[in-house]
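Student: This is the structure, below, for whatever I ask next.
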Amino acid sequence: MVDSQYYLPNDIGISALDCGEAFRLLSPQEKMYAHNLSRAAWYGGLAVLLQTSPESANIFVLLQRIFRKQTPAQLEQVATAAGLSSEEYQAFLVYAAGLYANMGNYKSFGDTKFIPNLPKDKLKALVWASQAFQEQPSAMEALWDSCSGLLYSLEDRQKQLGLGDKGITTYFSGNCCLEDAELAQKFLDSKKLSAYNTRLFKKDNGGKACYEVRLASAVQKVFLTPTFDLFVLLTIISQTYAANENQRKMLEEYQRSFTLGSVDAHKEGSRYWIKDKGPIVESYIGFIESYRDPFGSRGEFEGFVAVVNKAMSERFAKLVGSAEVLLPELPWPREFEKDTFLKPDFTSLDVLTFAGSGIPAGINIPNYDDIRQSEGFKNVSLGNVLAVAYATQKEKLTFLKEEDKDLFIKWKGPSFEVQVGLHELLGHGSGKLFVQDDQGKFNFDESKVVNPETGEPVSSWYRGSETWDSKFSTIASSYEECRAECVGLYLCLNKQALSIFGHDEQDAEDVVYVNWLSMVRAGLLGLEFYTPESKSWRQAHMQARFVILRVLLEAGEGLVGLEEVTGQDGKPDARITLDRSKIHTVGKNAIHRFLCKLQVFKSTADVDGGRALYDGYSTVSDSGAYNFLRLRETVLLRKEARKMFVQANTRVSGDSVELVEYEGSAAGLIRSFTERFQEDAEQLETNLLELNKRDATCWC
């Protein structure tokens, strides 16, 4: 029996992202702009296959070749004749849908490997019986041989992403360890180079270690081309349909960035993107989030295209307008806040395209510290994702009291909308980094600013080209998500913030209660994403929520209760409770103290202090008041698989652009991908296989 965490269940939730009405309201020019940017995002997004695991690209090509010849419905008869049961064939479809949705065979949320939930010989029989195999038997057999071993492998190192002996990564060659990553980071910092669009390969040069830093670029033809050439071409075409000069210049800089592998060009494009206020069609593209780099410095490729939801965006605009009133409420001294709050765009968007390994509910970008600190940023809330991602059936709602469940279901959506808004705008958008530049100039008065935790003058800061990611590396992503989540919890207690979202009086109190209850429950659920064998966390947000649960349990006074119980099915269960009468007192005070510490360590570049604090609360053990290792087993026993999303395609028909939508099912998700790359499928697949083969010897 395979542990259930390593396969996707046949009844996994799969929902179509609805953007039909939003797309219909676009002008012909806006539709053409959205279409070309979407194509660029999808082609660029294929890079994620190469960033995930050595076998992901080959599995993708295997599936594409099978489903290009036969639809899931047509293949079902073949599967039956090959000896697969209906459950086994559904398991194959779910696996394929999961591979497409995660752009690889590791979960984008949690970094755990997933394998097909059917015997290997049954899957092989299906591949051999497929029309694709009948037409090209030698090529398909070679493709199967190249990936079938790793496709099913669950050796310890194969079970999760990680560096060295802790897991699999293609951001580093297989012979790299943490010390190599640290050495390379110091080198890049000394040369004022960003690691965002790089991978690191260690080679032996006559007994001496030699490091190769590879940049993602079309010109050098090392990392991602020739697929990237087409992606660059599509960004050029998009310029024709841009709505204004900022969009045109933004795309010009992106073109330069992806052609030459220049992060500086991408930063320049991001500056134009920030200036493009309130566009009808919003987009961002590049190597963005560093969650999946085990060292925390390299960005995974993503590209999104979305349409503004004007009604919901009005609420977020009001929140932006109130930011200068709400920011002083945060628990750190004024000197630890940015000198000026640069009012960003904050819009609610309906996603048309989100290419990458997963789709978030909200985003605060760009991630470049120097731009965010002094020039600004944008926030987006992805409305059609929120609408379907967090819908929950009562019978599947775990670890809550029965009397909490109806209230939770009623207010989960509205409370999460509040949390996302506060988290993105005033969480990620707040706080100052103390910096001394290369000329010795400080962005703060080092003789006067006092550390509130010690009462002494600030004694550490960022120097030169050091950044938050490069300094805090392995904990940077989760630590920052924790800080933003705490800001959301803290400021949702503010009546003005709640009123902006239309919640007053008793409704407002219910929103607060469910938001806090949701957070402590999420902290318990987070244990699914902890690996005891390596004592490591696999998901930044869920580690952050577990840390917050620990902080609130530590606050005591009956604020949060957590007990192990026996479920109605006779199996281990757990119950988490929250005393709503103590949220504004005990809860607020606990988050106040913890949030101030998080910000002070971040502002002052105090890596040792920050790591000690964060690692301490991240510890999962079987000792103390709560046996978290045993609770983890209970969480795994009762976990619900994360939903997958089916996205539409766009296609040009004459002078207009059409939206092609698919049903919310595994078959619909598969069809969306096979139809996404129809025009040049064979060449594209050949390119992916060549690129993957080039580095095959580097992962051993």
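Glycine residues also receive a Cβ, built from the backbone N, Cα and C atoms like all the rest.
Pasting the feature list from TrEMBL:
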{"type": "BINDING", "residues": "His423, His428, Glu481", "note": "Zn(2+) binding site"}
{"type": "ACT_SITE", "residues": "Glu424", "note": "active site"}
Student: Among the recorded positions Glu424, Glu481, which residue has its Cβ surrounded by the fewest other Cβ atoms within 10 Å?
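Tutor: Selected from the recorded positions Glu424, Glu481 on minimum Cβ neighbours within 10 Å: Glu481.
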Student: For a quick check of understanding: among the binding-site residues His423, His428, which residue's Cβ has the most other Cβ atoms within 10 Å?
Tutor: His423
Student: Roughly how many Å lie between the Cα atoms of the residue listed as 'active site' and Glu481 (Zn(2+) binding site), rounded to a whole value?
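Tutor: The residue listed as 'active site' to Glu481 (Zn(2+) binding site), Cα-Cα distance: 10 Å.
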Student: Around the Zn(2+) site recorded as His423, His428, Glu481, what other same-chain residues have a C-beta within 8 angstroms of the site's C-beta center?
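Tutor: Residues close to the Zn(2+) site, other than His423, His428, Glu481: Asn364, Glu424, Gly427, Glu480, Arg483, Ala484, Glu485, Val487, Gly488.
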